[in-house]
């Protein structure tokens with residue numbers, strides 16, 4: 001049985017599966033459900049190797065595959081939460097910080113007290129699916145993107161002119177944002193920070 005997908009999440013929801021299993025477990029006789037050898041294996045197994053275990057980075061070993069990583073202790077998972085993603089611990093987390101390689105390839109030092117979950121996020125084929133029609137992207141909340149060249153001069157600096165003209169005729173301006181700021185040549189468009 002496939003796990004259902006939530007409307008606003010790209011990963012599978014296993015809550016229904018868990019609640020059904022819990023219901024079956026509670027209705028059965030507890031003594032006869034778990035064999036003795038399985039019970040011993042569960043007691044003495046290494047918790048680091050159990051997928052789904054959530055613990056501080058300081059308790060994990062080098063090379064562990066993790067996801068849902070906190071940035072500050074007790075803050076809640078912030079990194080590596082998208083479908084099918086995972087990160088890897090590169091150095092033994094003995095000091096105050098732990099070196100983690102993120103899915104982008106960036107190596108980041110994270111506080112060893114921060115918690116993470118062992119394993120990979122579910123639904124790795126999320127990025128492989130094809131949108132069947134134009135309305136499918138609208139269902140996902142993505143609106144159409146209209147080129148500035150196709151607009152009128154009142155709507156965009158690239159609009160108007162004869163033919164496909166970014167420079168708007170005789171004005172001689174290069175590529176601009178819809179608000180008129182240059183987009184090329186290293187022009188800083190963000191807020192100006194006060195220099196110390």
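Even glycines carry a Cβ here, placed using N, Cα and C.
Note that TrEMBL annotation is computational and uncurated.
Annotation comment: TrEMBL describes 155-165 as compositional bias 'Basic and acidic residues'. The feature compositional bias 'Low complexity' is assigned by TrEMBL to 166-190. According to TrEMBL, the domain 'Large ribosomal subunit protein uL2 C-terminal' annotation covers 49-182. Here TrEMBL flags 150-196 as region 'Disordered'.
When Cβ-Cβ distances below 8 Å are used as the criterion, the compositional bias 'Basic and acidic residues' (155-165) is approached by residues 147-149, 173, 175-178, 180 of the same chain, each at least six residues removed from its ends. In the predicted structure, the domain 'Large ribosomal subunit protein uL2 C-terminal' (49-182) carries a mean pLDDT of 88.
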